[in-house]
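Below: one structure, written as structure tokens.
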Amino acid sequence: MSRPGQGVMMPVNGLGFPPQNVARVVVWEWLNEHSRWRPYTATVCHHIENVLKEDARGSVVLGQVDAQLVPYIIDLQSMHQFRQDTGTMRPVRRNFYDPSSAPGKGIVWEWENDGGAWTAYDMDICITIQNAYEKQHPWLDLSSLGFCYLIYFNSMSQMNRQTRRRRRLRRRLDLAYPLTVGSIPKSQSWPVGASSGQPCSCQQCLLVNSTRAASNAILASQRRKAPPAPPPPQPPPGGPAGTLAVRPSATFAGAALWAAPAAGPAEPAQPLSASPRSPSVPSGAPTPGQNNLNRPGPQRATSVSARASIPPGVPALPVKNLNGTGPVHPALAGMTGILLCAAGLPVCLTRAPKPILHPPPVSKSDVKPVPGVPGVCRKTKKKHLKRSKNPEDVVRRYMQKVKNPPDEDCTICMERLVTASGYEGVLRHKGVRPELVGRLGRCGHMYHLLCLVAMYSNGNKDGSLQCPTCKAIYGEKTGTQPPGKMEFHLIPHSLPGFADTQTIRIVYDIPTGIQGPEHPNPGKKFTARGFPRHCYLPNNEKGRKVLRLLITAWERRLIFTIGTSNTTGESDTVVWNEIHHKTEFGSNLTGHGYPDASYLDNVLAELTAQGVSEAVAKA
């Protein structure tokens, strides 16, 4: 199935514009932490377009149309979304699609997450699904878009090709996305009211206007001539070497927002909701009153090359490298910093907390074996496929033939069990007629034999079978984990929430290699990013139980697999395989650390779903 073309973006002053006199649907999107462009809703996009027509260099307060987006503001000049309560910034873009596509018709495709909430697909995926739906295809393979999922329209479900896990999906009608033709009118002053042209009185706009007024006063004072100042003294030996020069938000002049110099540790983004552009100054000309003396000599030289040019007429803010943090709102800290700097007072901004990934250094003599777990290392080698396991023989081993099947759906092909398999004509196996139906021995779920043969042939072909309905595993399930090494030992440090116990540290190490016949692209090189990877468990009875089961899962090659990274989008790389690990030692800022009272029970359930249980580990 051909993939529909994505929107063509033509950057003009940071904004995309469609070709002249060509109608296009406009979809505004933001970049998430997994490098995926996520669409705003149609209502939000209409609001952004309305503001854009009034002032192409202004700011958009998203909370005016969506209560869930109250903290967010989009700066149209720098094309960034800014969150006022945390200072987080993300790039945004203005993308265009055909008016006859899903966004032009107001059609949204969504999948159900683990919490029961509905999440919209990325716009390119939504368009692809809608095209297949309109052409009345029974199913859709999303592998061409970089996802290992199958969409079944008869059951309105999404299935993971590797794990066979299914999720519900739905198609709903919403407001159509805005339509545009040609260019956008020239910008005007911001903010502009809906009808009278008066500024809005909501809290977000009041914050924007108060910040802008303060910034205007500062810029006016900076433009006054000031007598030349002597070079700044060098910091004393042993003094704070981290006096950082931080430049203000790009809403001043369209550059990147708050950034710290490359030579020092990164500072948290200190946001400004909106601010005026500074007057243009010829490049290379000295800027009257520009506060370049707040930076130490070496940093003045590196800051220009490392962080691009600072907007003319805007003061640089010295942020002291102090230990500890305070409960200061980032937006308030940013505005306060500007005012204090203009008055010649020192500025002290708080740092965002950083995850504590590793424990303090541990000497070799302090590293001990884990009690009750033999050895300290497990290695896996390259898998040799057992070609004697015929798919038909494996399926018949676990199934009982059903002479009179009930009139219900086969959840693999979505055809009725009383009719032939949907794989008739697609897959041919001797002795497996399309109308044959079997029942799995332990769970009792029924399927066409040909459907189960097709499912097995598309999997790891390791002699095991997993029921696609209840996930019951028949045989010993193995994975496609590349060769590597697993080490585990005890260290004399405690995890948050387990103050009275030491810590089990697990170290996984997998080198780069060549994909085997069981991998997505046999013969092609795969990458292994971030290894060795360190994971942590408490040294208590349940923690040691999890370790024993993880060793079994490692030996069955179930911990990792080769696929596409959810974080970077890179394909043909080693990724986690649905058994969650804790990779933060002393914090839980990312959700991958402690304290987490339910983690050990959750990971035991995940291991059981992979066919790894306590009875198996003891066998």
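Just so it is clear, glycine is given a Cβ too, placed from its N, Cα and C backbone atoms.
Quick look at what TrEMBL annotates:
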COMPBIAS  227-239  compositional bias 'Pro residues'
COMPBIAS  261-271  compositional bias 'Low complexity'
COMPBIAS  272-281  compositional bias 'Polar residues'
COMPBIAS  288-306  compositional bias 'Polar residues'
COMPBIAS  378-388  compositional bias 'Basic residues'
DOMAIN    14-94  domain 'WWE'
DOMAIN    95-171  domain 'WWE'
DOMAIN    410-471  domain 'RING-type'
REGION    221-246  region 'Disordered'
REGION    261-309  region 'Disordered'
REGION    360-390  region 'Disordered'
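When the domain 'WWE' (14-94) is classified with DSSP, helix, strand and coil residues number 19 helix, 31 strand, 31 coil.
Taken residue by residue, the domain 'WWE' (95-171) breaks down under DSSP into 19 helix, 29 strand, 29 coil. When averaged over the domain 'WWE' (95-171), pLDDT in the model lands at 91. The DSSP breakdown of the domain 'RING-type' (410-471), given as helix, strand and coil counts, is 9 helix, 10 strand, 43 coil.
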